[in-house]
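Novice: Pasting in a structure now, in structure tokens, and then I'll have a few things to ask.
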């Protein structure tokens, strides 16, 4: 059973609908026992980092998600959900993230001659051989974000060039992040 973590932030329903369409057995829940007994977790997200972290903390889900990661349960963070996997963000002040992947979330610089937010289709450039990123090199994915992740190269499987190198797929063991929206990217 795949669990879509429900924390009243973002596009949880869109992700659940995509899984339903694909015939993947899934549930939308915030119950710790369901989360810890899942075959995999999806942490979707649209919105602001601080609001999302506050919502996870209010539901006491931060230690549950961290425990799931330590148990080896695969975790996929999507868009803001990917950003939440990291140590901290500077969106609306400094906020701690889940700390599952080393790095921080910073604003896309506004002096690069590109539009912020980064919104629309962009081409993935794969930098590391990994079954997770097979087939992504040169493929276009849909992005909507104003902040991006700064992390060690060892964590980056794919990136987009938006005047700055923006990781599009990251991985640390069983914790995976997509900056793009797979449910919209096809």
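Positions of Cβ are set from backbone N, Cα and C atoms, glycine also.
So TrEMBL lists these for the protein:
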| type | residues | note |
| --- | --- | --- |
| DOMAIN | 4-185 | domain 'Glutamine amidotransferase' |
| ACT_SITE | 79 | active site, nucleophile |
| ACT_SITE | 181 | active site |
| ACT_SITE | 183 | active site |
Novice: Can you give me the average pLDDT across the domain 'Glutamine amidotransferase' (4-185), rounded to a whole number?
Specialist: 95
Novice: What is the interatomic distance between the Cα atoms of residue 181 (active site) and the residue listed as 'active site, nucleophile', given in whole Å?
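Specialist: If we compare the Cα positions of residue 181 (active site) and the residue listed as 'active site, nucleophile', the gap is 6 Å.
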Novice: How many Å separate the Cα atoms of residue 79 (active site, nucleophile) and residue 183 (active site)?
Specialist: 11
Novice: Tell me the coarse DSSP state (helix, strand, coil) of residue 183 (active site).
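Specialist: Note: residue 183 (active site) is helical by DSSP.
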Novice: Mind telling me which of the active-site residues 79, 181, 183 has the densest Cβ neighbourhood, counting other Cβ atoms within 10 Å?
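Specialist: For the active-site residues 79, 181, 183, the Cβ with the most other Cβ atoms within 10 Å is 79.
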